[in-house]
Amino acid sequence: LLRSSQPLTGPNRRRCREDEKLLGTILDEGERGFIIDTRSAQAAKQARMGGGGTEPKSSYPQWRRLHRALERGRPLQESFARLVEACSEPSPSMERWLGRLESSRWLGHVKAALSTACLAAQCLDREGSKVLVHGGEGTDTTLLVTALAQLILEPSCRTLQGFQELLEREWIEAGHPFHLRCARSASSHARGKQEAPLFLLFLDCVWQLSRQFPLSLEFGERLLLTLFDNAYASAYGTFLCNSEKERSLCKVKESTHSLWAWLNQPEERHKYLNPLYSPNPLVIWPSVEPQSIQLWQGLFLRWIRPSQHLDEAWEEIQRLVGGI
Amino acid sequence: VENVRLLDRLSSRRAVVGTLYLTATHVIFVENGSETRKETWVLHSQISSIEKQATTATGCPLLIRCKNFQVIQLVIPQERDCHDVYISLIRLARPVKYEELYCFSFNPKLDKEEREQGWKLVDLHEEYIRMGVPNSYWQISDVNRDYGVCDSYPTEVYVPKSATAHIIVGSSKFRSRRRFPALSYYCKGNNASICRSSQPLSGFSARCLEDEQMLQAIRKANPGSDFIYVVDTRPKLNAMANRAAGKGYENEDNYSNIKFQFIGIENIHVMRNSLQKMLEVCELKSPSMSDFLWGLENSGWLKHIKAIMDAGIFIAKAVAEEGVSVLVHCSDGWDRTAQVCSVASLLLDPYYRTMKGFMVLIEKDWVSFGHKFNHRYGNLDGDPKEISPVIDQFIECVWQLMEQLPCAFEFNERFLIHIQHHIYSCQFGNFLCNSQKERRELKIKERTYSLWAHLWKNRADYLNPLYRADHSQTQGTLHPQIAPCNFLYKFWSGMYNRFEKGLHPRQSVTDYLMAVKEETQQLEEELEVLQERLANLQKSQSGNNKIKSKQQDRSKQFGLYTSNNSLANTPQEYSNDLKSFPSRSPSQGDEDSALILTQDNLKSSDPDLSANSDQESGVEDLSCRSPSGGGCLPSEDSGKDSDEAVFLAG
């Protein structure tokens, strides 16, 4: 599984021998690979006008390109804001609730993200093919897809340790601009142009996986909520800045503490574990039918829905499992 | 009929070829070829509708929709055969006589004594005693002993002490279908009660002294309150319209000390249409999130569920918090009234949240009080306008409650689904006919078997591992969130997409926890035994005798719970571009999503036999029963990828 940003084909259909060679060496003789472009075919074509574009078939003959449009940027932020608004309104009628849920389109984005990640995973696992994922910049929907695909495919990513490493590798080091994306969250009116909840979308998808495979992730919802909180506001330096370069310039490692270090302390760690966890060596294929995708109540209704009964149930589960 | 194809809703590529059989009681599809010979059995009673679609190049499509929401799409090669099957099924699915129903031929190989015992498992007389009646405020009346007063009521009804036979008879003449006010639930703690009836025949101005006295009697039976609520579960407009037909609702001016309240639950026709619309959404091929949510909203289904729940909550509050008695009615007092009374009882009394108590509740508020099972669920061919998912809605209310309060119920989702299944299956005699009178005339108890006994026998499958009788959630009155809580109502895919296993979570937390609980218990028992043995050994031996402690191989000894993940996972069709993918669709999951019942299994008649969620999930079902009597069915996956480990129980 590879990731990159878009090729700078431009309106004049520029070529780059080195890039072609690089992609060529990845594949064996006669082998075919897949490029998953997280933009629609039309959007990708239009990107040429801005100097970007796609890999033309003629220059990259062994690669087959698939387009899966995933929302990002402003529209995704709007979707998030609308959902949060719908959740916080004490709407008296059921229709209005479902209507608002539907018009926020958030669940549709979750479905699309999971589908695309599954597609990538399928290429790798079922077809045995190599896959290159990119969107425009390679810092948003690209990372969403590659990180989710690994969770689906790779059991070690589903351990607490492995998941932290996945985040470190596929989101932080890969350069997701946390500082720009996670500045204000949903209810702020000062909407920065760069604000977008890609990381939250990722966490939501992870939650969907945990709901469909409740025994297969070593961590629980609590970890996901903690990560969400820390991406926006944190006592730790893990999610600071927009890239490794910036973190280095700001001397983050020298002047802040790591979230992982704190989480992994024995007295903290156990709170984030899933008591139902049972290592599952297989690939976990989620269903992306609408019935299978649910609103992440633990996050979106976190401060609205009383959690007493569910907390009690969770305690009961821990008591039952801890009893052995 | 041979060479019939069974299609899959989600994957057009995924079709199996087999032979279709029609018997007196079932439709059976047997898959060709493979060693497993998967079978799909459908009871005729379950068939809701059959649709013959336009013939295509591949054959003649036949769509069978079932009352338990299973949808079977067949393609029959010859038009003539298809037509024959269609005509036959139309006749078979619409029995004219009760004797045609499966319960009269079903034979679980029990003797007469066992059959009788089965029917005695739920005893309403005992239940009323448990509630605390008869007592100084309530008495048993036998005024209806020959069904002479009301033929849809039971022979024994509980009425206030001050309600004489004269008052009862007089009141019954003033009530639709003669369904006079009678006791549904009595709250020992504060003497408040829930009574039920049908609408009064008040028209615009009619009065009835005895009916007014009846309501007074109910009020007097609760010395702690000086008024009663009268709850009309219909929308106000409907109730008012009834007045033109000589019926209507209670006028607060005529009945002293009542507080009248409309609750506004829609009628059976609206509910029938609502379900229809929701099922159409479930049948959509590859719906988007928008299609689904829009369709769900459009059906209004969850709105109706919430309305029923809110009514139950109102009544429970009136009884538990205000200590005020409530009289509930709708039009005829056998649909919405039953729903609302049973929801309220469930909220009020933890007994009804136990397995046994739930059976008693259904027996009391649905069976004994004359809910028209035959008309509503189509045991026999009848008026399609009488069909309505009334009890289905009640069952869903219970499920919604279970989701909000996971520790509060002794039983699990599977229990509810199986009950729903058997209401339509007519495999047992509990839900036949429209009244106790009809059932006695047909001698149901002598000629059929009781579902309750069957469920009770298999109760281990129906337990909720999170239930503890001493838990705070299980004690006393339940307080589910009322508002704002529209978002707490979820679409019940376990019921409405029941046979599309791939849509549900692939690993069952319930089954996992049950296995853990069992194992813990076994270990604790073994620990006790060992401790005893150790104590004995220490007593009898001394000095340098070696005490051999047996190394218990836990996994072998206790069938240590391990995950069988191999059967869990098959990918959906995520892409139409990748035609080479041999993916299965989630509707099939790893094994046939359809109901599987073989002759062997008919004995236990578990509708979900091989369709344990366990086989689909990463969870090993230690008592895995497959239709062919062998081990669990292998999935396509584990065949293809031999390196995927298969864990088996020790």
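Keep in mind that glycine also has a Cβ here, set from the backbone N, Cα and C atoms.
Under the DSSP three-state reduction, B:C330 (active site, phosphocysteine intermediate) is assigned to coil, being neither helix nor strand. Among the features that TrEMBL reports, active site, phosphocysteine intermediate is placed at B:C330.
Residues or ranges marked as substrate binding site in TrEMBL: B:N267, B:I268, B:C330, B:S331, B:D332, B:G333, B:W334, B:D335, B:R336. B:C330 (active site, phosphocysteine intermediate) has a Cβ environment of 27 other Cβ atoms inside 10 Å.
Among the features that TrEMBL reports, coiled coil is placed at B:513-540.
Sequence annotations record features per position, and here TrEMBL assigns compositional bias 'Polar residues' to B:562-588.
Annotated domain 'Myotubularin phosphatase' per TrEMBL: B:118-496, in sequence order.
Per TrEMBL, the feature domain 'Tyrosine specific protein phosphatases' maps to B:299-343. Away from its own ends, the domain 'Tyrosine specific protein phosphatases' (B:299-343) comes close to residues 152, 175-177, 179, 181, 184-185, 187, 190-199, 215, 218-219, 221-222, 224-225, 227-234, 238, 242, 247, 258, 261, 263-268, 270-271, 274-278, 280-281, 352, 361-362, 365-366, 369-372, 376, 388, 390-391, 393-394, 396-398, 400-401, 477-478, 480, 482, 486, 489, 491 of its chain (Cβ-Cβ under 8 Å, at least six residues beyond either end).
The annotation region 'Disordered' is assigned in TrEMBL to B:562-650.
Taking Cβ-Cβ distances under 8 Å and a sequence separation of 6 or more, the neighbours of B:D332 (substrate binding site) in its chain are B:S176, B:R177, B:R179, B:S198, B:Q199.
Cα of B:C330 (active site, phosphocysteine intermediate) to Cα of B:R336 (substrate binding site): a span of 6 Å. Per-class residue totals from DSSP over the domain 'Tyrosine specific protein phosphatases' (B:299-343), listed helix then strand then coil: 31 helix, 4 strand, 10 coil.
The maximum pairwise C-alpha distance among B:N267, B:I268, B:C330, B:S331, B:D332, B:G333, B:W334, B:D335, B:R336, the residues recorded as binding substrate, is 12 Å. In the three-state DSSP assignment, the secondary structure recorded for B:N267 (substrate binding site) is coil. Around B:N267 (substrate binding site), the same-chain residues at least 6 positions away in sequence with a Cβ under 8 Å from its Cβ are B:R234, B:N238, B:S331, B:R336.
Within 10 Å of the C-beta of B:R336 (substrate binding site) there are 27 other C-beta atoms, taking all protein chains into account.
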